[in-house]
Amino acid sequence: MTIIDSVLNDFFWRALLGGLGIALVAGPLGCFVVWRRMAYFGDTLAHSALLGIALSFLFSLPLNLGVMIVCVVLALALVSLSRTRALATDTLLGILAHSALAIGLVVLSFMPHVRVDLTGLLFGDLLAMSRQDLLWIYLGAGIVILLLIKLWDGLLMSTIHEELARVEGVPVEKLRLVLMLMFSLVIAVAMKMVGVLLITALLIIPAATARRLARTPEHMVFLAIAFGCLAVGGGLTLSWYMDTPAGPSVVVTAFLAFLFTYGTTRKAA
Amino acid sequence: MTDPLVRLEKVSVRFDGRPAVQQVNLSVHRGDIFTIIGPNGAGKTTLIKALVGLQPVTEGSVERAPGLVIGYVPQQLQIEPTLPLHVGRFMSLSGQPEAECRRALERTGIGHLMASEIHHLSGGERQRLLLARALVRRPDLLVLDEPAQGVDINGQAALYNLIRQLRDELNCGVIMISHDLHLVMAATDKVICLNQHVCCSGFPADISHDPAFIDTFGHSVAESLAVYHHHHNHSHDLHGDVVSRRAAEPAAHGAHCNHDHH
């Protein structure tokens, strides 16, 4: 126990463990973001997380829970609004993303007694990771990974061809809902690390990097996890030695890995 | 007669009040091959989407036999360039064992492409892949939305022949949409001419004489169809003119057909 204890007492190791836990689920979910062209959608959910924080303070809920609830409500609203086709999806997402962020900031300003580290929320505060945060991350990651394994074929089939999947009896709508819930969960826990403005980067960049080298969807998922872990490790190291902000350093490392991969490999056949 | 695989009764589909399909009755049995033809916007795709359950109907009923396995071949297979996927993995997602997948690919003539990336397949190869994907599930009913799209002219005839053979092997029903009138007629048992409602239906020889058909497709198409049919079953009269075997039987005619198509 003493070794584990001393590891967990060190803020650097806590940050690393938390970051790796997030990379573990950001890999597969990032692949779905890339495959389903949901990048802007992920951004919108992430922006709304700030509103979740504000509401948690207002109703004294745990922060993670507040963020999750707002993300889920917004995800459901997006799905039903995009069906009416009154506005183009990207317009709708643009409206909701920035409105949610702005409303969050306004609501927070109404509560002067609440001291929030806005920079930490927007850009992440990885080095302030607590033991409780670690518990949340690994609990969330465990749930997401179990769901992904159980629902993998159906999720993949409905991503490849939704109508074909539907005719073959895949519960497409239900799976879409589960995927949204998983996104909400990951955003709630990943916000701690890279902040609401950079979460999408953590989902997309490792997956896009993996695409270049992958032959099968599953292969791409494992590579995305590996690149995510590399980004977390590299970013934290950078932050440690150069005293740079941790969250942005992680994203910069991921980006460098992306550039390197695209610069040195030919497109996978 | 056995129960139909699928029965549509007075099916209508409207989008925002605009009719796409009106009052269609249709039953497909094992061994049937139906081809739906009709001009653009006639509701052909909407009709088969209603038939497989992708499109909710506004009125009427769609009854599918219990436990019915549908092999659906959608109009096209577009896969995101960001998704790495080869033919073998796409086939195995059907849940069937690898040997079955391989056999289905060989049956549609693309067994050698098992390891190929789907993004690199030609239009014709993709159609064959979709057909193999439908086939590997041993369907009771094969539903195809323009299966010969992107297939070259020689390939088209071969593809329609293959569909006909598959009908015999699997003892399934087939319903498909096609624009290749002359090819389809040779390989088709029954034709449904759709223009939102069923304009006319019946055997190729009959509907090529049907005023409703001529009204929709014009004389030249109807004549080429009749000529093709003549070539096909070699009936001549004394002057060498075409005689249809079924000329005496009038084609079944849609009850709502007033030839008054806007």
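Just so you know, glycine gets a Cβ as well, placed from its N, Cα and C.
Positions annotated as transmembrane segment by TrEMBL: A:12-35 (among others).
Among the features that TrEMBL reports, transmembrane segment is placed at A:47-80 (among others). Long-range contacts of the transmembrane segment (A:47-80) within the same chain: residues 41, 92-93, 96-98, 100-101, 103-105, 107-108, 111, 114, 116, 121-122, 136, 176-177, 180-181, 183-185, 187-189, 191, 196-197, 199, each at least 6 residues beyond the stretch ends and with a Cβ under 8 Å from a Cβ of the stretch.
Below 8 angstroms of C-beta separation, residues 40-41, 43-44, 47-55, 57-58, 70, 74, 77-78, 81-82, 196 of the same chain, each at least six residues beyond the ends of the transmembrane segment (A:92-114), sit close to that stretch. As annotated by TrEMBL, transmembrane segment applies to A:92-114 (among others).
According to TrEMBL, the transmembrane segment annotation covers A:135-157 (among others).
Residues of the same chain lying 6 or more positions beyond the ends of the transmembrane segment (A:177-208) and with a Cβ under 8 Å from any Cβ of it are 15, 18-19, 22-23, 25-27, 29-34, 39, 42-43, 45-47, 49-50, 52, 64-65, 67-68, 71-72, 75-76, 79, 101, 120-126, 129, 133, 136-137, 140-141, 143-144, 147-148, 151, 155, 220, 223-228, 231, 246-248, 250-251, 254-255, 257-258. The feature transmembrane segment is assigned by TrEMBL to A:177-208 (among others).
Marked as transmembrane segment by TrEMBL: A:220-241 (among others).
Annotation comment: TrEMBL describes A:247-265 (among others) as transmembrane segment.
Beyond the ends of the transmembrane segment (A:247-265), by six or more residues, the same chain brings 19, 123-126, 193-195, 198, 201-202, 205-206, 208-209, 212-213, 227-228, 230-232, 234-236, 238-239 to within a C-beta distance below 8 angstroms of the stretch.
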